[in-house]
Amino acid sequence: MVEKLWTPNVCFVNSKKTEIHSSPTPNIFLMIYPNGTVWVNYRLQVQSPCMVDLVLFPMDIMNCELIIESYAYNAAKVKLNWREWQPVFSIAKSKLSDFTLYGLQWTKNSFEYAAGQWDQLTVSLTFSRAYGFYILQMYIPTYSSVFLSFVSFWIDLKALPARITLGVSSLMALTFQYGNVAKNLPRVGYVKSIDVYMVLTTAFIFLTMIEVAFVCYLESENNMRRKERQAEKKKERVAALQRKKDKKKNNYGATTVTNPNAAECDLRSNYDEPFSNGTASHKISISRQANNMFESLHALAQFGT
């Protein structure tokens with residue numbers, strides 16, 4: 001019956017594929033009102049392009065448009081208009097497995113072609129991506145890996161193998177997690193937010209490894225300086241003990257005073273008057289030694305005062 005009626009030949013201009021449901025027969029509804037109004041309803045499955053911007057992936061927004069236009073008649077023969085009450089609505093659930101429908105807009109436009117002016121109806125559907133899957137499969141595990149790598153800050157510095165093992169294990173786990181999720185990511189030629197996130201998390205874990213190396217270097221430098229200071233202190237103590245021993249060995253509290261005049265007198269007593277007799281020279285020598293002793297005691301008394 002529908003094939004025998006005149007129709008405005010309306011189609012979805014930007015659709016990639018359109019099919020009429022047939023379960024079990026083609027789902028076409030036809031109703032003719034007493035005033036001559038004809039209502040034809042098709043149950044269609046339409047595949048249309050969508051404008052996708054994945055810069056904020058997985059928290060991005062996708063906009064899909066359906067453009068309705070008559071491919072056979074211009075506005076002089078067929079005028080397209082939206083009905084006044086709720087022209088576009090959703091009868092199914094608005095939440096999909098990966099997206100959530102949260103916006104519907106409809107507009108009417110007119111375009112000039114070579115064959116005249118044509119009316120065009122546009123439906124815009126806005127979807128937001130459901131990111132719960134990525135939170136559970138990527139964000140929480142990567143956060144855990146980063147926090148686990150921070151545990152090395154509280155491990156004793158002497159347990160260097162444990163700190164290195166912890167950092168390398170966190171880095172490998174992060175790489176494995178990103179490899180599993182990257183299989184399902186769309187391949188685009190620009191940087192996505194999830195790529196920036198993965199680079200930052202990898203950088204955090206890598207910096208923990210750099211921190212371990214830097215702290216070990218500082219610790220080795222401090223050990224060398226500490227050993228040098230201890231060696232210097234040991235040398236100073238040994239030198240001080242040696243000086244004390246030398247002082248005790250060479251001087252036990254007495255003071256030695258030399259009298260150069262007494263030495264000269266001794267020399268003169270030995271070499272003056274070589275031809276004198278022995279008794280006289282012996283007496284002179286004893287008297288001179290007594291004088292020298294007296295002078296030495298006098299000098300010692302003056303030194304004590």
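Every residue, even glycine, has its Cβ placed from backbone N, Cα and C.
Unlike curated entries, TrEMBL annotations are predicted automatically.
Here TrEMBL flags 217-251 as coiled coil.
Per TrEMBL, the feature domain 'Neurotransmitter-gated ion-channel ligand-binding' maps to 3-130.
If you look up TrEMBL, you'll see 138-270 marked as domain 'Neurotransmitter-gated ion-channel transmembrane'.
The transmembrane segment feature in TrEMBL is assigned to 131-153 (among others).
Within the same chain, residues 137-138, 141-142, 145-146, 148-149, 151-152, 198, 201-202, 205-206, 208-209, 212, 216 sit at least 6 positions outside the transmembrane segment (160-178) and bring their C-beta atoms closer than 8 Å to a C-beta of that stretch. Residues annotated as transmembrane segment in TrEMBL: 160-178 (among others).
The transmembrane segment annotation in TrEMBL covers 198-218 (among others). Sequence-distant contacts of the transmembrane segment (198-218), counting only residues of its own chain at least 6 positions beyond either end whose CB sits under 8 Å from a CB of the stretch, comprise 142-143, 145-146, 149-150, 152-153, 157, 160, 163-164, 167-168, 170-171, 174-175, 178.
Break the domain 'Neurotransmitter-gated ion-channel transmembrane' (138-270) down by DSSP state and the numbers are 109 helix, 0 strand, 24 coil. Secondary structure of the domain 'Neurotransmitter-gated ion-channel ligand-binding' (3-130) per DSSP (helix as H, G, I; strand as E, B; remaining residues coil): 5 helix, 66 strand, 57 coil.
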